[in-house]
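As structure tokens, the structure follows; a few thoughts come after it.
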Amino acid sequence: MYKKILIILIIIIIVIISLIYLKNFILYQPHKDHPVKYCKFFHKLSKLTEPENIHHLYLKTPDNILLDTIVIRNTDTNKCIIYFHGNAGNIAMRYNIIKFLFNYASVIVFDYRSFGRSTGSFITMNQQDLSTDAETIWNYVIKNLHYNPNNISLFGESLGCSVAINLAVNISKNFDSKYYPHSLILNSPFYSLSEMVKSIFHKANLSQFGSVLSNLFREYQSDKLIPFMNQHTKIIIAHSHNDEIIPFEQGFKLYQLIANTHTNSKFIIINGSHNNPGLPDEYIYTLADLFNDW
């Protein structure tokens, strides 16, 4: 009897140690530069607007990381959208969403450190690193591109939602109440990373195991940040019942928390899977209204 318990404990300890080591391999799945795919990506971008409206550059963070960044200017508007992608791939895989967002405003896209052509290593990467990346982009958009903060929308997908939320809250904390992004659009967010881990293990009937492991994933606690969000920033959350990566309940639970304290918020049910969400008419019309009200 005691021997079996000892074996189980040893297995649990091994799993926990393995997860500590492998955590970043699970959480971050960057794709590096693929010349052919990047060539096709830039060729597609060139069809959106004139060449002089597309600017490709590398922005240096305070800790000397170079972030691969693209600015696609929409000359019909003085608004812009900063796009925060999810935990996998790189910006060359995001043409469709860039094309969609370009209908409404100029679009700034970038790869986090270690993703795509950006420098750095994901092995030691953490939430603070991505926060630094996001703030570097924000500062460039404000100081170099000269966009008014109230004319900037933050658009996040998956893990990028948490990065966008963190940036919006940091802006709210560090500046006066008149300095805030116009809107925050979150596609498939999670309530918190630890809650998501618990949810996954609960569905596998391993709730106690999930409770222990959730303590290893204490980053990206969006639920703790939301109360500090500027009340003037409009928030839209969209999630699909068919999302196989981040459960629908995660996004809806986050919306419920936001709606309790934030009047400028809306939840939209979308279709499709996590990486191929279907955007219904309600979503498209809501974004059109959001940007037209700017």
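Note: Cβ is positioned from N, Cα and C throughout, glycine not excepted.
The feature N-linked glycosylation site is assigned by Swiss-Prot to ASN151 (among others). Secondary structure at ASN151 (N-linked glycosylation site), taken from DSSP and collapsed to helix, strand or coil, is helix.
Cβ neighbour count for ASN170 (N-linked glycosylation site): 16 (other Cβ atoms within 10 Å of its Cβ, all protein chains included). Reduced to three states, the DSSP call for ASN170 (N-linked glycosylation site) is helix. The N-linked glycosylation site annotation in Swiss-Prot covers ASN170 (among others) and rests on sequence analysis.
Residues or ranges marked as N-linked glycosylation site in Swiss-Prot (evidence: sequence analysis): ASN205 (among others).
According to DSSP, ASN271 (N-linked glycosylation site) sits within a strand segment. Neighbour list (ASN271 (N-linked glycosylation site), Cβ cut-off 8 Å, at least 6 residues apart, same chain): SER240, ASN242, PRO277, GLY278, LEU279, PRO280. Among the features that Swiss-Prot reports, N-linked glycosylation site is placed at ASN271 (among others).
Swiss-Prot lists 5-25 with the feature transmembrane segment.
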Rounding to whole Å, the Cα atoms of ASN170 (N-linked glycosylation site) and ASN151 (N-linked glycosylation site) are apart by 17
